[in-house]
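Asks: Mind looking over this structure? Questions follow.
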Amino acid sequence: MPKRRAGFRKGWYARQRNSLTHQMQRMTLSEPTSELPTQRQIEALMPYAWNEAHVQPPVTPTNILIMLLLLLQRVQNGAAAAFWAYIPDPPMIQSLGWDREIVPVYVNDTSLLGGKSDIHISPQQANISFYGLTTQYPMCFSYQSQHPHCIQVSADISYPRVTISGIDEKTGKKSYGNGTGPLDIPFCDKHLSIGIGIDTPWTLCRARVASVYNINNANATFLWDWAPGGTPDFPEYRGQHPPIFSVNTAPIYQTELWKLLAAFGHGNSLYLQPNISGTKYGDVGVTGFLYPRACVPYPFMLIQGHMEITLSLNIYHLNCSNCILTNCIRGVAKGEQVIIVKQPAFVMLPVEIAEAWYDETALELLQRINTALSRPKRGLSLIILGIVSLITLIATAVTACVSLAQSIQAAHTVDSLSYNVTKVMGTQEDIDKKIEDRLSALYDVVRVLGEQVQSINFRMKIQCHANYKWICVTKKPYNTSDFPWDKVKKHLQGIWFNTNLSLDLLQLHNEILDIENSPKATLNIADTVDNFLQNLFSNFPSLHSLWKTLIGLGIFVIIIAIVIFVFPCVVRGLVRDFLKMRVEMLHMKYRTMLQHRHLMELLKNKERGAAGDDP
């Protein structure tokens, strides 16, 4: 027999302990959850969504999706509660207004339009049917034709050195207006000089009086251009100064939007030849037709096609069927429109959760364990799970106090964001080509990250439900009386920061922050552990009952032992008696057979003797 190795039992116990520890770590308390809707259920809702979408035309995929969400919202779950959720980077686009932010524009022909190259932007396009709402005048442009609520773009606008598409009196009746203008842009020099070179030296400066265009002569919206104006007879008086656009009294001045309009059509520029005639400007040549390309960076996009825009109750309804969603344009057909849209950094949406709201899984687990231990029916699995939850509580107590989990998660979000932005914008490969292009790409990334940092900053200030990692379910309950679904719907369709029509995001954010800043119940680790241990040990029997249990168990063991040891003897005795009885029966049977045979022989002998005595 082989000898047992030293430490064999110790190693076996260690393996068993590790196995038990692994099993306990995998144990969880599962609550009954409602199943997700099946594909047939969603398909059954589609006809209702289609009917709802027809109530308020036009019918677009976005409108049908919102109607489907509306129908799903009406399907109430008795055990569910609605909370406001913060959803970053939603997969939707919204119309951009004139009073929100400056739109950066990059071009491929910097010798014609100056500025920064679009080499770091990869042109993309896809078909789309778009429907959106906005309370601001939309950034819509129509090429060589008037269109309701769009700004007409004309061809062949003359500058001292170039001829490009842009804004002139065909946009609307021109007048002059006084105002403050963009304070961060200097005034233009009175002494304008014209020099001919390879590149066009555009100089950004403003005039003291703006050119004001009455858009479509409707006397409702006015386009202001703060660049120095000129006359058709003397275009050089205008100077090589790019337009500076603003609408009405909006404090945002678009300094690069003119390059996007220049890409609607063709252009040409002057170039220097040897001065033979001795004229003022020398011998100047004119290039052939040039077709520049203009691009906007993420998160801005362009929708090109035939747009329908209507104004109802101070709300602009934008509809475009079978249009093109793109980030670059190079030529626009006469009569087509182009609008500028943007992906919002976030949206606020009410969502329903079936479980209770909590921001730390370990604390919620401990609470459920304490509740389960206090119930009449308890089990060993709950006791073991309670020990595991206590260990988890110790490991995450600091996390609950300083929100370390949220900080780490935000770091992963920023890292993933940086990777995705670099990948989508295509800057990783093209960023090293030119210093200027590298700075342009870096500027775009920084601007996008700036918006994301603002979103993350708000995300870091609030606590979120622990079960949802890609959205933030806040503590703020959703109240249909304060925020009807119609306002939520308009918020998703593009109306922001309008208390009367859509969600008042500032008020909603302040209410959420008030909840976060309110005094919170501190976690007393000692009291929590004492309470947990009391509930835990209350499941074990007392000493008196344990003694009775041990006595009864001993008696039961003795009875079992007696039965185990006596039963074989009894069985063996019964078997022996049975075998002895059987032997005796066989012996008696055998003896009876012998007696019967002996008697038969006597009878035969007697018969033989009687037969011999007869004469």
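Just so it is clear, glycine is given a Cβ too, placed from its N, Cα and C backbone atoms.
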Asks: Among the residue ranges 14-50, 88-124, 125-161, 495-531, I'd like the one that Swiss-Prot describes as coiled coil.
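Replies: In Swiss-Prot, residues 495-531 carry the label coiled coil.
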Asks: Run through N275, N420 and tell me the one Swiss-Prot describes as N-linked glycosylation site.
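Replies: With Swiss-Prot as the source, N-linked glycosylation site is noted for N275.
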Asks: Out of N319, N479, report back the residue that Swiss-Prot marks as N-linked glycosylation site.
Replies: N319
Asks: From the ranges 314-317, 534-537, 590-593, pick the one that Swiss-Prot records as region 'Required for cell transformation'.
Replies: 590-593
Asks: If I take the Cα of N178 (N-linked glycosylation site) as reference, which of the glycosylation sites N127, N219, N319 has the closest Cα?
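Replies: Of all the candidates listed, N219 is nearest in space.
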Asks: Tell me which of the glycosylation sites N127, N219, N319 ends up closest to N108 (N-linked glycosylation site) in space, Cα to Cα.
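Replies: Comparing Cα positions, the closest of these glycosylation sites turns out to be N127.
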Asks: Determine, to the nearest whole angstrom, how far the Cα atom of N319 (N-linked glycosylation site) is from the Cα atom of N127 (N-linked glycosylation site).
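Replies: Just about 14 Å between their Cα atoms.
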Asks: Can you tell me the CA-to-CA distance separating N219 (N-linked glycosylation site) and N127 (N-linked glycosylation site), as a whole number of Å?
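Replies: If we compare the Cα positions of N219 (N-linked glycosylation site) and N127 (N-linked glycosylation site), the gap is 35 Å.
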Asks: In sequence order, which residues at least six apart in the same chain have a CB under 8 Å from the CB of N127 (N-linked glycosylation site)?
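Replies: Looking at Cβ-Cβ distances below 8 Å from N127 (N-linked glycosylation site), excluding near sequence neighbours, one finds N322, C323, I324, L325.
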